[in-house]
Amino acid sequence: MSKITDEIKKRRTFAIISHPDAGKTTLTEKFLLYGGAINQAGSVKGKATAKHAVSDWMEIEKERGISVTSSVLQFNYGRYCINILDTPGHQDFSEDTYRTLMAADSAVMVIDASKGVEAQTRKLFKVCVMRHIPIFTFINKMDREAMDTFELLDDIEKELGIATCPVNWPIGSGKAFRGVYDRNEEEIELFFDTKKGTTTGEVKKIRVDHPDVDQYLDPEQKDQLLGEIELLDGASATFDQEMVDRGELSPVFFGSALTNFGVETFLQHFLKMTTSPLPRHSDKGDIDPMTEKDFSAFVFKIQANMNKAHRDRIAFMRICSGEFDAGMDAFHIQGGKKVRLSQPQQMMASERKMIEKAYGGDIIGIFDPGIFSIGDTITTSQERYAYEGIPTFAPEHFARVRQVDTMKRKQFIKGINQIAQEGAIQIFQEFNTGMEEIIVGVVGVLQFDVLKYRLKNEYGVEIILETLPYEYIRWIENEEIDMDRLTGTSDMKKIKDLKGRPLLLFVHEWSIRMTLERNEGLRLSEFGRS
Ligand code: G4P
């Protein structure tokens, strides 16, 4: 096997998804500790005071005095090379968050044991399902009062429509939390509330039928556990790696990230069950990193440099195959030109650094002189294939944009287009009029503030945003449809995107159904194509 395929096989590239406060940051930090990437245990401080638009990642970075924007953390654990993708789940929830999932090969879903499935998890989960990537569940905060375990699993199955397979099973919760029962090993991993700051805190295990178990478990707890094990063995889905691979079955683990319980066990199982970089769809068929020798990558995120003086940008790419060499030339498919991939950067857990080499599965940031768009393919292959585009996700908040000083039209157009290209906002126009009126759509309302702030600071343009009542947007899949003859509901609005493609906005969800009923053959989609 070649060195390149060896390197790619070691890669595990995944995103951690959760609702704010479920424990994503804490869990990530514990992963980094186990990988030896950081050696200072202790929770990431300053979150409560953190201003919006600052991701937890930035907090971690600030804490450790490293540079501010990042997209991925890379570290080694055993024989694996792990890439964790940042999906900010807080107030700065935006389309970027969704797009990041396009670059991942699997997802870890963190759920707060006292809350079950929450809104943001649901949204991110939808994208994972759309991509059929494996999803692993870590039910966190077992050291606090938790929902009934069966109810929690039921909640995941019903809310998210995915089967679950508990790999371990909790014994009590909150003050009565005693640990987890490993269903394969038939062993109990005992919980001690003393491991907060440890890295490789020794794990104490005991077989469930060992007489010493009674020292740790009350008789009722033991009875309950034995009863639940029996019930589980009869009722729950059996582990099936192929179903996991297709994203139809989620292996479930229980633990407590804060007290460092169950985290390493989870990491070890997860790394074995998840996948190394897989083939990706292109217009010339699937490109398999195990057989494709040439370098190929696609852009999934573009970020303008925070430095106002240089309006340069970084294009973040997911490498799909081959080996990357700093400064190499490659072909930019959409631009139809050869490009030099310069100033490659990668976020290692401890620092942002220039890199020399990277492999399929890795994420790199490349200096972008303004030529790349989200979804673009770059490759050294003579075959000139393009990876499947990245879907445009449905914004849920809309506003009409008005300029305060109409003289600054040029700067306004330039700025708003730039910000839209980065994917923070989407811009639309009235269906029947020209460029005069701009409607902006965002996934998270914070993006409205970001837009205002950036236009003022970076382009000297002040705007007024007039919020619109629409909450649902649908792309029209059969574009040949005659828009003038389309009959909708009174709360429907016709708009178009910058490429002139028609879309519909609705205030109520039921209007979508009604519009579909009134227009035979009409096909609407929640996702657009970039
Ligand atoms: P997030 O990134 O998903 O938003 O969550 P984060 O890790 O920041 O955790 C949110 C809060 O939950 C933090 O407390 C964190 O310490 C706590 N937490 C995380 N995992 C566990 C756990 O297993 N058990 C318990 N009991 N708490 C947990 P905070 O008070 O909001 O912040 P901080 O001051 O501790 O940083």
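Any Cβ shown, glycine's included, is placed from N, Cα and C.
No curator has checked TrEMBL annotations; they are predicted automatically.
What TrEMBL says about this one:
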{"type": "BINDING", "residues": "18-25, 86-90, 140-143", "note": "GTP binding site"}
{"type": "DOMAIN", "residues": "9-278", "note": "domain 'Tr-type G'"}
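DSSP assigns Lys24 (GTP binding site) to a helical segment in the three-state reduction. A simple way to gauge crowding: the CB of Ser18 (GTP binding site) has 23 other CB atoms within 10 angstroms, across all the protein chains here. Non-local contacts of Thr87 (GTP binding site) by the CB criterion (under 8 A, 6+ apart in sequence, same chain) comprise Ala15, Ile16, Ile17, Thr97, Thr100, Leu101, Leu124. Here the Cβ of Asp21 (GTP binding site) has 16 other Cβ atoms within 10 Å, regardless of which shown protein chain they belong to.
Neighbours of Lys24 (GTP binding site), defined as other CB atoms within 10 A of its CB across all chains, total 26.
Sequence-distant neighbours of Met142 (GTP binding site) (same chain, 6+ residues apart, CB-CB distance under 8 A): Ala113, Pro170, Ser173, Phe177, Val180, Phe191, Phe254, Gly255, Ser256, Phe261, Gly262.
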